[in-house]
Amino acid sequence: MTLDLGRCGGILWKPFGFSRRLLQVECCHPNELISLSVLTRRTLVPRLKKAPSIFWLGQRQGFSTMPEEEASTRDTELFSPPSDVRGMTKLDRAAFKKTVSIPVLKVRKEVVNRLMRALKRVALQRPGIKRVLEDPEDGDNRLIMLDPYKMLTVDSFEKAEFAVLEELDVNPQLSQYNLELTYENFKSEEVLRAVLPEGQDVTSGFSRVGHIAHLNLRDHQLPFKHLIGQVMIDKNPGITSAVNKTSNIDNTYRNFQMEVLSGEENMLTKVRENNYTYEFDFSKVYWNPRLSTEHGRITELLKPGDVLFDVFAGVGPFAIPAAGKTCTVFANDLNPESHKWLLHNCKLNKVDQKVKVFNMDGKDFLLGPVREELMLRLGLPTKEKPSIHIVMNLPAKAIEFLSVFKSLLNGQPCSSERLPTVHCYYFSKDANPAKDVCQRAGAVLGISLEASSSVHLVRNVAPNKEMLCLTFQIPAATLYENPALTLENYEEPSLKRQRTDDSVSEPPVTSDS
């Protein structure tokens, strides 16, 4: 990087705009530059306020107008990579070198710290670039690099900034610094926008799962997938692997096929969410960091001593925080890998004595362990009335499982305040998603839910596709069978299944655990 100051014909100062066509001051010294800049600002800038598109053409000794479109293009291109990287499919970092001119302010080194606080608004902020440099001509001075988009002229300083400059006896004159940009100085979005076909969507966002960047690339981005993956690794500290989903989550175990775009193949990862730690193989289980807020929301609804049945528990993001809140938890997942990591994470977070873990189909879990526990808890007279929550986070299919609650229990119905509360997740593409989920769930249960439920918008999954959480208390008329099978007739096969099913991996938990 070189600074042209004080050389004959090399002084670069631009009072009327920032562009590649800079004011050329022939054969003058630094002191002459100061007088010229002050004179120009005082005499010419007031006249130019009415014509903001005017800039100085040093070679023509006159004024010319620049169309606003050209000025906008000029500013956009300033921090854009070189145009010849367009279409690159294999990352060549050396091809991103570029030299730009940046406005700088020359100051005494002893006032730099105070001045930087005052000039925070206009100081240059670019990845890997120091904002304060040594003056190559004077070791007692420093050069403060300014944002060329905000510092078009000396008059771009605000009143408060001018006051600090005056107080510290700093001349507001601007000079130009020839700054060499490299690949490290460009943001990921800037790199990808320069490489991908012009006008196409740019992928700069991803889901972070520990050391893994999880992308969902579109068809037009696939020819550049390996480059995109490497850029994500380069530009995000801690990311060492980039993967792309190659199939939808439509299999029994709720995981998906993925391709490693760049970096290491290791999919064993660790994440921290809501003060709990989870470890798992991302290629074999379901994990979505975008659900962190929802996991926390449900946990906040629970009180110590409550009971939680997590029908599709995954690796434990609902179950483990609930157990940490001293709730009694029954957690189930059909995926053997999820079941394995759920057990691991319960021990990792020291709640394994409060969570009973199952590896069953969701329907079997509801008809077996859930039914048995409900019959036990709802049938016992007790002064304490812990709330019972059933979480069903399988948005694509959870509503279908609601039919299991119809006549699930027999015997004398409990009081309405003790009836279980269901949190059922659902994807909707309807114009009125809240009404849609109420109607669909109500149709499965054979009741109307619109007046006795609440709907929470979890997140927007895709254009015209919402993820919702429907919360309602199961009516006694729906939950209890009348007349009913005897308790013994129903429980015997389910208890037998529980005794013979080696998927129950933890000892039974009492309400005091």
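Yeah, the Cβs are placed from backbone N, Cα and C, and that goes for glycine too.
Sequence annotations record features per position, and here TrEMBL assigns S-adenosyl-L-methionine binding site to His295, Asp333, Leu334, Asp361, Gly362, Asn393. Taken from TrEMBL, the feature compositional bias 'Basic and acidic residues' covers 493-502. What TrEMBL records for 206-476 is domain 'SAM-dependent methyltransferase TRM5/TYW2-type'. Residues or ranges marked as region 'Disordered' by TrEMBL: 491-513.
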- Note on the structure: CB contacts under 8 angstroms to Asp333 (S-adenosyl-L-methionine binding site), restricted to the same chain and 6+ apart in sequence, sorted by sequence, are Phe312, Ala313, Gly314, His339, Leu342, Phe358, Asn359
- Return the maximum Cα to Cα distance in Å (whole number) over the record's S-adenosyl-L-methionine-binding residues: His295, Asp333, Leu334, Asp361, Gly362, Asn393. 22
- Mind looking up the mean pLDDT for the domain 'SAM-dependent methyltransferase TRM5/TYW2-type' (206-476) in the predicted model? 94
- Task: Find, among the binding-site residues listed as His295, Leu334, Asp361, Gly362, Asn393, the one whose Cβ has the highest number of other Cβ atoms within 10 Å in the structure shown.
- Result: Asn393
